[in-house]
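These come from TrEMBL:
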type	residues	note
SIGNAL	1-16	signal peptide
DOMAIN	175-294	domain 'Ig-like'
DOMAIN	302-404	domain 'Ig-like'
COMPBIAS	348-358	compositional bias 'Low complexity'
REGION	348-384	region 'Disordered'
COMPBIAS	364-373	compositional bias 'Polar residues'
TRANSMEM	413-432	transmembrane segment
Amino acid sequence: MFTILVFLSLVYGLEGADVVLSCSLIEEGGGMGGMMGGAMFKRTPSTLVFRDLVGNDGLSPELVTPYSPPETPNADDLIFELTLPSIQIPNADLLLHADCNEQEVVCEISRYVPRGAELDSLPAHFIGSVQLEGGGISLTLVLQTLHSETTQSDTQPLMQSKLNLPLSQSGTLQTEVVFVVFSRVPSMVAPIGGDVLLDCGFRQKNSVPGQDVALEWRIQHRGNGRKILDMKARETEADVGQDLFVDRESTSAEADLLVRDGNASLTLRRLKVTDEGTYICTVGSGEFQTQQIVQLHITQSPRITLSEEKLTFQDTTPQKLSCHCHRYYPLDVQVEWFSQASSEEEPVSLSKESSLSSHRQHSDGTYSLSSHLTLRPDKSPPGTVITCRVSHPTLETPRDATLTVDKPEPQTAFWTIVLMLAISVVFLYQAFKGVEN
């Protein structure tokens, strides 16, 4: 994946604001490949211009930098201009704020051949991938070229040198969006045992009523993959018909929402560790088919306990204290130990003196681990607070388990023996005296 820092230009049009993205055109055969291990793709810098992407309400003209095409059109420039998109692109306004939010945008474009079409047929098609990193929208766009205004005149159009396609008078390749598959939440985090909705949807220009819509969801994880849902839905006069295959219990997608609203989202219930992975949402309608990727991360916070509820030194013998982290996921966990005597202003780290057990994996995929610390009475006087601090990706802040070293209890054994001896003496004296009488 080629990641590039996006630059945004906004300009007021009659309908809305424009967005300009710095992209890469991806072509096959750019490297030696095979045994030499070279890259199999070639990347050429390009520009993607969304015309009137979103409404201009609330945008200040003083903060807008107009987009201007090159003064002199150049046949080597690759400028894809999306003129007045004919279908709504959801959450597109997030692209307007990417630069201000210091978010990067990954933008790639490549040739696309619709079903039943030839590679060099016209109009030409391209597929564009636009991903807002760090949370936000992810788009897979099918672009279709438009007739340039120069082709309708006697002027010979300027041909793009790499694509051999006619350019507009401003030197751009004019296109429109005819199909888009999107995810508004391309990365999800959900707990074990919970439910999750994996967001995926599509929009299509000039869809045919009653046309089949195909939806497939697959999961990929650690080199293994499988299909978990396959649906073909169509709208009839009376209802929405469907052909459905599901390979996971408690999994569903709504056929009526798919056909009528373009909602291809997947619901997973009663999540397990094995549900974690990369989910691929593939939508096909008519001659177009493309996909979106949604990452699902499964989590469970550790339960933390200490081996002792209280700690008291009766003599100079060291005592062992254990901190148990129960059933967490993912594997990453950090355990630290601290000690703070009543006379100390700051806690002292004891982590170097501790030891860790190996990770124990349970049948449900979660892990447990224990950390052990040996305490000595001369270094942990009464009133000392011992803290086990656990950090885990599921915890916004580390979680502590603490106890305070208690004062030793009074030595009562000696006086108990003395008392028992005194009672015995009195008893024997009384008994002996009774015999004499």
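Heads up, the Cβ atoms here are built off N, Cα and C, so glycines get one too.
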What mean pLDDT does the predicted model reach across the domain 'Ig-like' (175-294)?
93
Residue counts (helix, strand, coil, in that order) that DSSP gives for the region 'Disordered' (348-384):
3 helix, 15 strand, 19 coil
Helix, strand and coil counts within the domain 'Ig-like' (175-294) (DSSP):
10 helix, 71 strand, 39 coil
